[in-house]
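Student: There's a structure below that I have some questions on.
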Amino acid sequence: MGNNTYPPYFNLTMFVNIGTCRYPTFVLCLLLYALIVLANFLIIVVISQEKTLHEPMYFFIMCLSINSLYGSAGFFFRFLRDLLYDTHLISRSACFTQTYVIYSYASYELTLLGIMAYDRYVAVCQPLHYHNKMTSKLVSKLVTFAWIYPAFSVGTCVYLASRLPLCGNKIPKVFCANWPIVKLSCISTVINNLVGMLVSTTTVFLPLAFVLYTYARIFLICRKRSSEFKAKVIQSCLPHIITFVNYSITVFCDVALSRIDLENLNPFLAVILSLEFVVIPPILNPLVYGLKLPEIRKLILKMLSGPKPDKQTKSHK
């Protein structure tokens with residue numbers, strides 16, 4: 001086949017011509033990205049430096065923040081550049097790199113949420129065995145699995161897509177994605193579809209089903225316990241539930257958008273729905289955990305207020 005079946009550039013067609021509004025939009029998105037970086041970095045610093053937070057639940061929260069920095073960097077660096085340019089061509093290598101980063105970020109998020117659900121399940125349903133089960137060794141194994149398997153599975157999908165001869169180079173999104181590239185193929189994509197279904201099942205649907213199962217068990221336990229116990233469970237689990245529900249909605253929107261003709265939608269609506277997938281979770285997660293968990297909230301407020309003057313110094317003055 002000729003070289004034209006492997007286009008050197010892809011064209012991101014969902015950028016709307018916003019004229020002079022591009023500069024305020026750029027500033028707004030830059031501030032949003034700065035807020036994402038600041039909020040997640042603050043969570044990482046607080047948890048890593050405070051010894052009282054060196055527990056499995058907080059370690060998983062820190063992993064979520066690290067993943068948010070990873071995924072948002074893969075999206076915003078290119079997106080901010082495209083806001084200022086009239087053409088939105090992206091090289092083949094950069095496109096597949098961005099595809100890998102964004103979708104491995106999504107897979108990491110889901111596997112981490114699944115692990116966090118197991119942690120909450122053991123804490124609520126088997127509290128006497130929590131420290132025996134959630135050992136540092138098990139936590140290390142779970143987090144390692146949460147990083148390695150998505151990296152391998154998403155990498156396989158991206159590699160198979162990169163080997164396809166293509167009959168076009170237009171991607172109807174504001175960032176590179178695997179399925180729109182596969183749809184440009186000039187040949188059968190049966191293998192890509194089968195691998196994609198397997199990866200989607202293991203990295204999306206299984207973690208989601210596991211989270212639903214664990215919270216069903218937690219709900220059944222809470223029905224038989226006191227109101228004080230229920231209040232503690234809600235305080236502990238609510239941030240994870242909010243994160244899970246939010247991410248489920250964003251994943252559903254991205255899957256739905258990849259299966260329909262985006263060019264027939266209102267362009268602003270299509271862009272907003274596309275942005276939801278890579279923007280809302282990285283900004284919502286640190287806000288939810290920072291505001292809802294009192295241990296983190298107190299330490300953040302203490303850090304932001306600065307060190308208090310020593311009593312001896314005050315008396316000396």
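Cβ atoms are placed via backbone N, Cα and C, with glycine included.
Just so you know, TrEMBL annotations never went through curation; they're auto-generated.
Look at TrEMBL and you will find 23-47, 59-80, 100-118, 138-161, 194-216, 237-257, 269-291 tagged as transmembrane segment. As annotated by TrEMBL, domain 'G-protein coupled receptors family 1 profile' applies to 39-289.
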Student: So, do the transmembrane segment (100-118) and the transmembrane segment (237-257) meet, by the test of 3 or more Cβ pairs under 8 Å (sequence gap 6 or more)?
Tutor: yes
Student: For the transmembrane segment (194-216), which recorded stretch in the set 23-47, 138-161, 237-257, 269-291 gives the largest number of Cβ pairs separated by under 8 Å?
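Tutor: Ranked by Cβ pairs under 8 Å, first place goes to 138-161.
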Student: With an 8 Å cut-off on Cβ pairs and a sequence gap of 6 or more, do the transmembrane segment (23-47) and the transmembrane segment (269-291) reach 3 or more such pairs?
Tutor: yes
Student: Between 0 and 100, where does the mean pLDDT of the domain 'G-protein coupled receptors family 1 profile' (39-289) sit?
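Tutor: The predicted confidence over the domain 'G-protein coupled receptors family 1 profile' (39-289), as a mean pLDDT, is 85.
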Student: Do any residues, 6 or more residues outside the transmembrane segment (269-291), come within under 8 Å Cβ-to-Cβ of it, and if so which ones?
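Tutor: Distal contacts: 14-16, 32, 35-36, 39-40, 42-43, 61, 64-65, 68-69, 71-72, 75, 102, 105-106, 109, 172-175, 239, 242-243, 246-247, 249-251, 253-254, 257, 262, 297, 300.
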